[in-house]
Amino acid sequence: MSLTVVSMACVGFFLLQGAWPLMGGQDKPFLSARPSTVVPRGGHVALQCHYRRGFNNFMLYKEDRSHVPIFHGRIFQESFIMGPVTPAHAGTYRCRGSRPHSLTGWSAPSNPLVIMVTGNHRKPSLLAHPGPLLKSGETVILQCWSDVMFEHFFLHREGISEDPSRLVGQIHDGVSKANFSIGPLMPVLAGTYRCYGSVPHSPYQLSAPSDPLDIVITGLYEKPSLSAQPGPTVQAGENVTLSCSSWSSYDIYHLSREGEAHERRLRAVPKVNRTFQADFPLGPATHGGTYRCFGSFRALPCVWSNSSDPLLVSVTGNPSSSWPSPTEPSSKSGICRHLHVLIGTSVVIFLFILLLFFLLYRWCSNKKNAAVMDQEPAGDRTVNRQDSDEQDPQEVTYAQLDHCVFIQRKISRPSQRPKTPLTDTSVYTELPNAEPRSKVVSCPRAPQSGLEGVF
């Protein structure tokens with residue numbers, strides 16, 4: 001009797017061991033994806049089927065019963081790399097491991113694994129409220145929104161293999177959005193976030209990712225010190241350098257300025273006094289501002305130290321004492337554009353006046369030259385015509401004085417000049433055996449009959 005009971009108990013144990021996985025027991029494999037379940041279109045993903053008792057062979061299948069040729073009748077070992085992925089690869093997957101000692105030869109189905117393919121719609125926008133720089137223990141709201149009427153929004157942190165958070169989109173004023181609450185913040189929640197959207201009937205075919213948003217947690221390490229060289233008060237145009245230093249061996253220093261969304265970062269350099277320092281050159285000073293610096297380690301780039309004490313940099317000799325904040329209205333930018341227009345208009349007017357002055361000067365010069373030519377005696381012009389008609393190899397050069405300017409003339413011998421005396425009041429002097437030459441002599445005002453100048 002006891003032997004029969006023992007035999008039946010053994011049979012029941014083996015039957016239960018084979019049936020337990022099929023009944024949803026703990027003896028089922030675990031399916032995971034590396035590097036992430038969120039895969040960009042055209043990318044690759046590695047699917048791994050794990051089993052606590054260990055096996056090397058497994059098979060994959062898709063729950064929506066769509067035909068995937070690469071899975072049909074195939075047995076995989078350790079892992080399977082799927083890609084380049086297309087929208088058809090999006091969906092829910094499971095795996096079964098090979099179990100030689102089970103009744104069916106295969107384990108129970110694994111956990112469902114959702115593979116989401118991105119890049120199928122226009123990207124949404126991601127904002128942080130109250131901001132991306134927060135203290136440990138605070139709560140931040142990440143708002144994902146788009147003018148595309150997405151049914152669901154997904155929030156994913158880079159570097160983790162967990163499924164992204166999912167919320168139903170709310171539509172207001174032609175915009176769909178979802179608010180993801182994260183907190184209380186801890187170092188494990190710091191990192192780079194992106195969000196996606198999906199439309200109805202294609203829940204796992206996601207949009208392109210939003211621009212990355214870094215959520216930084218501060219206040220976990222000792223604060224550094226911030227100083228200015230040559231000092232916090234400088235003249236306009238003077239070079240300024242801000243130095244951030246600490247006894248802690250920070251790898252990176254971050255410099256932020258009030259009113260600016262972006263920070264500057266530099267690698268820390270060990271100094272002789274055993275401090276770690278980074279020097280931020282700001283260049284010629286034009287405007288003042290309030291600065292702070294933080295320290296961080298390379299292993300946790302989004303976990304920063306406490307803020308340094310604020311440092312106010314003042315610039316003297318400059319009418320502006322601060323930069324316009326990016327959150328202020330763009331009226332100041334409009335003033336700059338208006339100033340450029342005024343400067344350009346002034347330059348055009350100046351060039352136009354200069355051109356008019358030049359044309360007027362040319363016109364006056366031409367008019368004066370024409371008046372001088374009109375004042376030349378008729379006899380002198382007649383002599384010139386005769387001179388052109390009769391060419392005598394023996395020529396005499398004369399110089400005519402007219403208003404203290406001697407003008408070169410070439411005429412015939414005196415015997416060939418007209419007999420009628422000329423009324424020209426010009427005075428001539430004969431220069432025999434000399435090369436034709438004209439000489440201009442400046443002289444003071446004198447009677448027209450006088451002759452001044454030396455030949």
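Glycine too: its Cβ is placed from the backbone N, Cα and C atoms.
Disulfide connectivity taken from Swiss-Prot links Cys49 to one of Cys95, Cys144, namely Cys95.
Swiss-Prot names the disulfide partner of Cys244 among Cys293, Cys302 as Cys293. When DSSP labels each residue, the domain 'Ig-like C2-type 3' (237-300) comes out as 0 helix, 40 strand, 24 coil, counted as helix, strand and coil in that order. Helix, strand and coil counts under DSSP for the domain 'Ig-like C2-type 2' (137-202) come to 3 helix, 36 strand, 27 coil. The average pLDDT the prediction assigns to the topological domain 'Extracellular' (22-340) is 85. The distance from the Cα of Cys293 (disulfide bond) to the Cα of Asn179 (N-linked glycosylation site) comes to 30 Å. For the recorded positions Cys144, Cys195, Asn239, Cys244, Asn306, a Cα-Cα cutoff of 10 angstroms around Asn179 (N-linked glycosylation site) retains Cys144.
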